[in-house]
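Enquirer: Found this in TrEMBL, in case it helps:
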type	residues	note
REGION	B:1-23	region 'Disordered'
TRANSMEM	B:32-61	transmembrane segment
TRANSMEM	B:101-126	transmembrane segment
DOMAIN	B:101-315	domain 'ABC transmembrane type-1'
TRANSMEM	B:138-158	transmembrane segment
TRANSMEM	B:190-213	transmembrane segment
TRANSMEM	B:241-259	transmembrane segment
TRANSMEM	B:298-318	transmembrane segment
Amino acid sequence: MPSTPASPMAPPRSFLWSRRIFLTLLTGFVLVPVYVMLSSSLKPLADVTGKFRWLPSGLTFRPYIDIWSTVPLAKYFMNSLIVAGAATICSVVIAVFAAYAVSRYSFRGKRVFTVTVLSTQMFPGILFLLPLFLLYVNIGNATGIALFGSRGGLILTYLTFSLPFSIWMLIGYFDSVPRDLDEAALVDGCGPLGALFRVVVPAAIPGIVAVAVYAFMTAWGEVLFASVMTNDTTRTLAVGLQGYSTLNDVYWNQIMAASLVVSVPVVAGFLLLQRYLVAGLTAGAVK
Amino acid sequence: MTATALEEPVRKTSPGAAREPRRRPGRLRRIGLPYLLLLPALLLELLVHLVPMVIGIVMSFKELTQFYIRDWGTAPWSGLDNYKVSVDFDAPVGEALLHSFFVTVGFTLLSVALCWLIGTAAAIYMQDTFRGRGFLRALFLVPYALPVYAAVITWVFMFQHDNGLVNHVLHDQLHLTDKPSFWLIGDNSFYALLTVSVWKGWPFAFLIVMAGLQNIPRELYEAAALDGAGMLQQIRRITLPSLRPVNQVLILVLFLWTFNDFNTPYVLFGKSAPAAADLISVHIYQASFVTWNFGTGSAMSVLLLLFLLVVTGVYLLLTSRGRRTADA
């Protein structure tokens, strides 16, 4: 990403000093929980039940083995992966279609559509949690399609969570793709969908990647709906992780190890793709 | 997010934005296509957001206790009873709701202010290139990238009374307190919640402001420097005014997300939050699922939505008017 120097002059010394202090403090604030997570996951149980210690009394990888048997973590992992993966793919495809329509066509109701979709972001989740739960149960009773308690229901729910932001960001991104390009494709005999997939989508890949990252993170981290809408077989990590605190013992070293394991896929993906996210925001949402 | 209200006029004036679609054979197909493209998004929004919202509003006028939950349509109408119970601030239910509301407002204002301040400061400090800048930027985004439950569980561990890091540092190492404090119950829980919320939320402000800074033309700074403007003046006269449109949306989004946040308090405190940190989402969740009184819970949710609608409307009106006079 190109950097834009704030000033062509050398910044004054006081600025450099305040920057050093500010960024050091901020780094500490950000890093302490990360350090606690990492170091505690390598501690024996005695270290995390007694007084807190900065350094482990001895390093052990035991928690990383035990996490898989204390609770069925692999199953929760699989469920989260299926739910978040499917929600991401569907959300991105649907958002691409919708954003293309808004960006390239003028039609009646365009403004109503964008305002309505975006304003759903404002709703408190708690407002439609229970009605949605009842709706899914009713649909299940009427048609036999099991939405409540199933992965399908959760996928459907999660993909709409990321949809408004995805559409919004992609509209901005598609607007920045020159129209001459898809018009050339139309002249060459592509249909509107051909123009979309052969010209607009390839030109907007950074924006689409950014939207996919956002959609995956949203689905992977959601707690409220996961805690109401899943059962033993469809439980996701968000709920499953609470299983490490039994009444008598809280296996903090295992909780930290499990937290680290479930964080790695998203954090790694996010850090690898964050430049796209910044570029996507710069070109789309923030413009 | 209500940003379209701001985006739309800009888009209309940009060249070619409102251009008619190319003339293609088949009039019906040409008119129908945009709607066809929108259909999946529209159907899903209807199913998951709009229809449930309408059901929620209907439910708020019903006496919906656990006896009727299997077949909620048959629950008797109760008129405005649920609303009366919710806003009767002399009775326990209404009083608790009002308390929760004030806690949420205070918490949200503090959290949004801190997130914005830290995020903006970090983004401006990191505008110039320096050694380690790319690494720091990635590091600063980690709290935002971590799944909420993983991050908040780590804070729960740090806030433990006997084996947590916070008490170890404050009490054992710095001797700031007479005895170890409780952080997840009692009055301290407000500060615990605020800390976690800011830790988790400021990187988003950082990300957005950083993206906004990229769109400020470099020539502006060069011209200002030629006129003899110092660093602080450049930030005050160029950076902050240029960020205004970005900030208008950013602060609104932060406000709505923080106000509606359920995940952080739920993982931090479990099903029952301490009174000092009784955020409205968890409060309503508890009022619905612990007492099994869904009618009252729905009424509370509708009141919350009305409040957010009014706040958003007034906010957009005020900030947009300020912007127009500033432009003139």
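Just so you know, the numbers here start at 1 and follow the chain as drawn.
Quick reminder: no glycine exception, Cβ is built from N, Cα and C everywhere.
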Enquirer: Go through B:101-126, B:138-158, B:190-213, B:241-259, B:298-318 and flag the stretch with the largest number of C-beta pairs under 8 Å relative to the transmembrane segment (B:32-61).
Expert: B:298-318
Enquirer: By Cβ distance under 8 Å, which residues at least 6 away from the ends of the transmembrane segment (B:298-318) in the same chain are close to it?
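Expert: For the transmembrane segment (B:298-318), the far contacts come to 2, 5-6, 53, 56-57, 59-60, 64, 82-83, 85-87, 97, 252, 255-256, 259-260, 280, 283-284, 287-288.
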Enquirer: Where, among B:138-158, B:190-213, B:241-259, do we find the most CB pairs under 8 A to the transmembrane segment (B:101-126)?
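Expert: So the stretch in question is B:190-213.
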